[in-house]
């Protein structure tokens, strides 16, 4: 029985591995899979590579995981069809690298490196090997780690200027400054300095910001303007400065309770206290996430358990657009998108909604990413790719997504375009356990960050910061 064949057209977005136009069309066997197609591309008659390059193939935005014949059958196509195969270098698994243990749940992580936003904002370049990981914990402390897993700095306790309750968010403002916020309803600014040998460091409290009446669950920072945004359980979005001289006076009625008593006892601590530049009444429920527009720091996006995403004009402290989803929203991230920006929103319904925030957009939701089995608590864009992102969930996993890998949704999924994870990162702390967790119990992941130099860094209920390889996961390494 003769082997079937099908005409294919090879294309790529990577100029360094693009075929000459005369070699882009080829008749290939229908029983071939990804590996066979990769061999064809590497052959002397095609790319003639000096050493084989593993390739993945996309057809209509979906990675090929079967034979071509099985793909044709599943999609009701005949072998007379010309298949357009987009080839990309194969993805590299996000292999486990290290874990850093804490005394309590870890709620927040951020990375300082030569490629991170804070590293780029600062005047001092970050030397390779001196990257730092910032973590915030429910024990009320911040810690700064080197890549070897040593905590080289720990923030002051409550008695001498630290948080009086759990930390929910922490960010590098620059290589010399950190912002944090949490259950004590305050934002705190810290100066960060290292010893000459870089084996030890210090976090010194320099300012306390008061204004919210509920827990602060998310902050965003813009180092060049010294601006900070906050999302609080009181439904408000706060706008702040890290410059003491520019910050308004504090409303003293907000400084009450245990922190005041501690101040009276510890007279040697005199951290300046300031108020917000503005507080915006944005949401009818707890505000859960806030981010700056990466291209325009006068624009921000906020999300809430009231099901809405708001586009904010920070200059006028006004709401310019509202998008309403079907479920409460817990996390946000801005993605470069293809030609325009996309907002990824993690929900309590276990999926990620991709939103076009432009007022002219015809539809609210451009795509849905499905796979998590519990709340989606954090999202971070791939620093190397327009197509990639990683999400953290209360199911105890981080999931890596490639927006080029899609399928048509079922009726139960509400139709539309659906994306599925290309990799699932489990918590390493569970690897030696024989009992299964239910819904992520004990290993919920609360935050995730994706840094080009350090990798995929996640934090969770297992009291660990976990580091996984991050380069080449959704695109080739440089």
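Each Cβ is built from the backbone N, Cα and C atoms, and glycine gets one as well.
According to Swiss-Prot, the protein carries these features:
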- 6-89: region 'Ubiquitin-like (UBL) domain' (REGION)
- 111-155: repeat 'WD 1' (REPEAT)
- 162-200: repeat 'WD 2' (REPEAT)
- 211-250: repeat 'WD 3' (REPEAT)
- 250-276: region 'Disordered' (REGION)
- 282-322: repeat 'WD 4' (REPEAT)
- 371-411: repeat 'WD 5' (REPEAT)
- 440-478: repeat 'WD 6' (REPEAT)
- Note on the structure: Counting only residues at least 6 beyond its ends, the same-chain positions whose CB falls under 8 A of a CB in the repeat 'WD 5' (371-411) are 58, 61-63, 86, 88, 91, 94, 115, 330-338, 344-348, 350-352, 354, 417-427, 430, 437, 439-440, 442-452, 456, 458, 460, 468, 470-475
- Task: May I have the DSSP-based helix, strand and coil counts for the residues of the repeat 'WD 3' (211-250)?
- Result: 6 helix, 20 strand, 14 coil
- Hey, which bits of the same chain come close to the repeat 'WD 3' (211-250), Cβ under 8 Å, at least six residues off its ends? 117-118, 121-122, 168-174, 177, 179-183, 185-187, 189, 272-292, 297, 300, 302-304, 306, 310, 312, 314, 317
- Message: Between the repeat 'WD 6' (440-478) and the repeat 'WD 1' (111-155), are there three or more CB pairs that fall under 8 A, provided the residues in each pair are separated by 6 or more in sequence?
- Response: yes
- Note on the structure: Per DSSP, the repeat 'WD 5' (371-411) contains 0 helix, 21 strand, 20 coil
